[in-house]
Amino acid sequence: MARDKIALIGSGQIGGTLAHLVGLKELGDVVMFDIAEGIPQGKALDIAQSSPVDGFDAKFTGANSYEALDGASVCIVTAGVPRKPGMSRDDLLSINLKVMEQVGAGIKKYAPNAFVICITNPLDAMVWALQKACGLPHNKVVGMAGVLDSARFRYFLADEFNVSVEDVTAFVLGGHGDTMVPLVKYSTVAGIPLPDLVKMGWTSQARLDEIVDRTRNGGAEIVNLLKTGSAFYAPATSAIAMAESYLRDKKRVVPVAAYLNGEYGVKDMYVGVPVVIGAKGVERIVEIELAGKDREAFDKSVGAVQGLVEACKKIAPELLGA
């Protein structure tokens with residue numbers, strides 16, 4: 001059986017980490033694409049040379065032409081620029097929207113049957129733009145956010161309780177940013193909801209609130225520590241979990257930026273919600289009932305995403321006709 005082809009669009013820190021993980025997990029052959037000549041070729045060769053040591057068989061190719069995407073089963077998009085000091089939100093949107101338009105055109109032409117995972121920030125707006133630009137079905141285009149945000153929440157909780165991360169489940173909804181909504185009552189340790197653990201004296205509500213805040217600012221914390229960029233190991237690992245669920249039809253229930261058309265009262269927008277990912281892409285959107293503060297926080301998060309999408313429509317009106 002022929003191996004799947006995984007196209008990585010953008011060969012920076014996340015792209016390189018993605019390529020290495022695809023090899024280690026033997027998910028398929030890898031094409032690394034970037035507009036910078038030599039970078040994807042060099043990284044692809046470097047990772048390929050690690051395969052005899054780690055014992056995985058996969059072909060790694062670097063390319064500067066979208067033709068290399070031809071027939072890809074999965075495309076993971078990290079292309080774009082990070083927000084730099086002094087750069088306004090609209091500056092960032094303007095640059096990365098152009099990138100999404102180019103990438104979308106490349107995917108449309110060469111990989112129309114792919115499952116597409118967007119990682120480029122601002123995530124919820126970029127995945128919306130990418131879907132408009134490539135024209136692929138909504139269930140085949142998603143954004144990587146919730147898996148990462150939930151992983152951060154799970155790690156902080158496991159650290160707090162001194163238990164295995166495997167026994168912690170966490171639930172994060174909403175946009176990928178400081179308005180995300182970590183849902184405490186749906187997060188558990190070995191099936192025991194966090195509010196019960198507070199009653200049991202494992203932690204306090206105040207401490208839980210601190211962990212929720214730290215989760216919201218998880219990305220910024222790493223940016224401030226690194227000073228030269230943003231997180232790449234955990235984001236790449238999160239995207240690979242999504243790709244693996246698609247390629248192997250695992251039907252995992254994971255939070256992703258998914259297209260909503262009425263679910264959660266949201267229309268024509270990508271927002272972080274739990275979904276089932278299988279061989280057909282997003283096979284089901286899991287719609288839970290939100291009330292009180294959770295609903296309020298979710299609506300606020302959706303409002304923040306809507307603001308970004310409206311800004312995108314003004315900057316790149318051509319996307320609406322795509």
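The chain as shown is numbered from 1 upward.
Using N, Cα and C of the backbone, Cβ positions are placed for all residues, glycine too.
Features of the protein shown, as given by Swiss-Prot:
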ACT_SITE  His176  active site, proton acceptor
BINDING   Gly10, Ser11, Gly12, Gln13, Ile14, Gly15, Asp34, Asn96, Ile119, Thr120, Asn121  NAD(+) binding site
BINDING   Arg83, Arg89, Asn121, Arg152  substrate binding site
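Here the features listed in Swiss-Prot are painted onto the structure.
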| residue | record | DSSP (3 states) |
| --- | --- | --- |
| Gly10 | NAD(+) binding site | coil |
| Asp34 | NAD(+) binding site | coil |
| Arg83 | substrate binding site | coil |
| Arg89 | substrate binding site | helix |
| Ile119 | NAD(+) binding site | coil |
| Arg152 | substrate binding site | helix |
| His176 | active site, proton acceptor | coil |
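Between the alpha carbons (Cα) of Asn121 (NAD(+) binding site) and Arg83 (substrate binding site) lies a span of roughly 9 Å. Ranked by how many other Cβ atoms sit within 10 Å of their Cβ, the binding-site residues Gly10, Gly12 place Gly12 at the bottom.
In the structure as shown, the Cβ atom of Asp34 (NAD(+) binding site) sits within 10 Å of 21 other Cβ atoms. The candidate set comprises the recorded positions Arg89, His176. Of these, His176 has the most other Cβ atoms within 10 Å. For Asn121 (NAD(+) binding site), the count of additional Cβ atoms within 10 Å of its Cβ stands at 22 [all protein chains shown].
Taking the C-alpha atom of Gly12 (NAD(+) binding site) as reference, the shortest distance to any of the recorded positions Arg83, Arg152, His176 belongs to Arg83. Under 8 Å, Cβ to Cβ, and six or more positions away along its own chain, Arg83 (substrate binding site) finds Arg89, Leu92, Asn121.
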